[in-house]
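One structure below.
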Amino acid sequence: MAGSHPYFNLPDFTQPSPPSTPPSLPSHQRCCRPSDATKGLLVALLGGGLPAGFVGPFSRMAYQASHFPSLELLICRCLFHLPIALLLKLRGDPLLGPPDVRGRACLHALLNVLSIGCAYSAVQVVPAGNAATVRKGSSTVCSALLALCLESQGLSGYDWCGLLGSTLGLIIIVGPGLGTLQEGTTGLYTALGYVLAFLGGLALSLGLLVYRSLHFPSCLLTVAFLFGLVGLLGSVPGLFVLQTPVLPNDPLSWSCVGAVGILALVSFVCVSYAVTKAHPALVCAVLHSEVVVALMLQYYVLYETVAPSDIMGAGVVLGSIAIITAQNLSCEKEGQVEE
């Protein structure tokens, strides 16, 4: 009688319990989520490559309007990085980073400044589109080789296919320009411009590799501030020694300079974030979208001719980016996370 009372209806522990099955998840929780690598590549594409594609044409517009020097443009760009010091102070973090990684953080800033300095110097003797193409292509190849040699971080077959395809697209774009080099002094300066563009890509890939080795709070804010500080310390003396400062009077030049500073800062932050989530070579390959955007602005905004090889190479680059992004669209289901 006592067992029939509801308070005494206890389970029989003498019998083996049936195996427990995980509860089925609702349909809205069984959907796929993008992996960290996919998120990093999307950030590099939308926040790194697309804004950077506007930097070159806007810089050219500022130079055409008031002959704005390249080092002065770099100084204005670095000034947009300095207010980040306020955020670091509010967080109570050291401006130059922790003492044990301060040297590597400064090395990262120096490599980025050298990369941009080589790029600005190259566009003075080489067409801007060709210089950007060589810089992006060399950064991709160097990032892949450095990651394989130093980090032992391999790539899948699809990644290699997209990487080689993207490099092939850049060769299609810049190939006709390399084939028409003139002999003599003009050809020598043109070749020197391509060498500087290559060195700029090499410095960029080294900077990304150094950034991946930095692990401390406010790392992104610290390297962004150090870029502005190191850039100012190197550009201000060089401006008065190598070039002549210019104070534009027209609003178009100042608008272009302000747009360059903001867009370059956004691109710097997004690329630095993306390289911590995805392979640096894949990030550099996705950044080839900058060349495609620059070609579009060159045709529609600057009214400059675009060769058929440029259009063909841009199509190959876009197809390669699609292959890399599609291969990295891996899905993480909730059930797999529970395992």
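In case you wondered, yes, glycine gets a Cβ from its N, Cα and C as well.
Range annotated as transmembrane segment by TrEMBL, chosen from 103-125, 218-240: 218-240. Remark: the transmembrane segment (40-58) makes no contact with the transmembrane segment (218-240), by the rule of 3 or more CB pairs under 8 A. Taking the domain 'EamA' (41-174) as a whole, pLDDT averages 84 in the prediction.
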